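Notes to accompany the following structure.
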Amino acid sequence: MIKGLGTDIVQIERVAASLQRTRGRLLQRILTPREQEIYQQKAQAGEQQALHYFAKRFAAKEAVGKALGTGIGQGVSWHHIEISNNNIGAPQVCLSDQALVHMERLGADSCHLSLSDEQDYAVAFVVLSARLV
């Protein structure tokens, strides 16, 4: 049963401008320490790889906030939502603190994420679901 839906699209050029303007502060605000490590690894491989990585994480976290019904706020922080990839590369969401509390209040027990990016945009789609009993 679907308990929440969220989607977000990000223009990668705007993300690049924001990152340049904030000189790294935005990275620390949005990405968890583990995500920041991966960002740095991708930055060594190439600026575009790192930029697309960040844009997808930003879109994913916004989409999760929308699916929770809180957005980023109401106690839900960027760091309460971590985006990683499983062993075959599929994106996955790990919620903690207030993000997890809000998901449980909705009666959801799973968070499904789809991410995609192209040259100019990154998009994320999130479904919160509960098993039927």
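Glycine is no exception: its Cβ is also placed from the backbone N, Cα and C atoms.
Small disclaimer: the values here were computed from a predicted structure and weren't measured.
Feature annotations, reproduced from TrEMBL:
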type	residues	note
DOMAIN	4-125	domain '4'-phosphopantetheinyl transferase'
BINDING	Asp8, Glu62	Mg(2+) binding site
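Restricting the average to the domain '4'-phosphopantetheinyl transferase' (4-125) gives a pLDDT of 95. For the binding-site residues given as Asp8, Glu62, the lowest number of other CB atoms within 10 Å of the residue's CB is seen at Asp8.
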